[in-house]
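Taken straight from TrEMBL:
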REGION    1-51  region 'Disordered'
COMPBIAS  26-43  compositional bias 'Low complexity'
BINDING   92, 94, 152, 155  Zn(2+) binding site
């Protein structure tokens, strides 16, 4: 089963931009008096799958409100005044690996960033400001005590990284460039485990990419200061949802 990049491929136009999808076929115009002509009826169309998806969110919140929020004022009342999380968590955007669920984290406990393949790029004020600003705010304003980067089994982003061929054109606008953040980890795995099958290399790279992100975190000056002062710790983790295991290690 593929991971978080199960997206259809599409061809690029000669100018390098992805070609837009073909326009939908135009619907035939109804003729006057035909059974398909517009009417003044107030009947609503049957609910679509999209309507059902939106309703699922509303119902989910109502359940949360009555079964959790209303029953735990001791948890939610203090959060109205502000947050003071102990953890900053980097996790994959994969829908199967929500860290609040898998680690039992409560609202207010973790300042969380999720992206493809749970990657942290090196410090750079020009690129990746979204990640950099989150780290800076977590460390400097919220004073988190621990930053954890969590990889996971069967990660589509890691598979995409390991599948990249030198010189091959990109298929997506952003994906390939983003996962190249883990390129040093990829080369390490390919060098040290060249004889292993592709899937086994992916499993090793899932953890090595976490280690790469932990090293990249050390390039942020405020992270280095926290580590030097003993007010901050970096931790790596890996969630295997196939076997139901969670490994953790210090950077």
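Using N, Cα and C of the backbone, Cβ positions are placed for all residues, glycine too.
Note on residue 94 (Zn(2+) binding site): other Cβ atoms within 10 Å of its Cβ, all shown chains, come to 22.
When other Cβ atoms within 10 Å of the Cβ of residue 152 (Zn(2+) binding site) are tallied across all protein chains shown, the result is 27. Residue 92 (Zn(2+) binding site) has a Cβ environment of 27 other Cβ atoms inside 10 Å. Residue 155 (Zn(2+) binding site) has a Cβ environment of 28 other Cβ atoms inside 10 Å.
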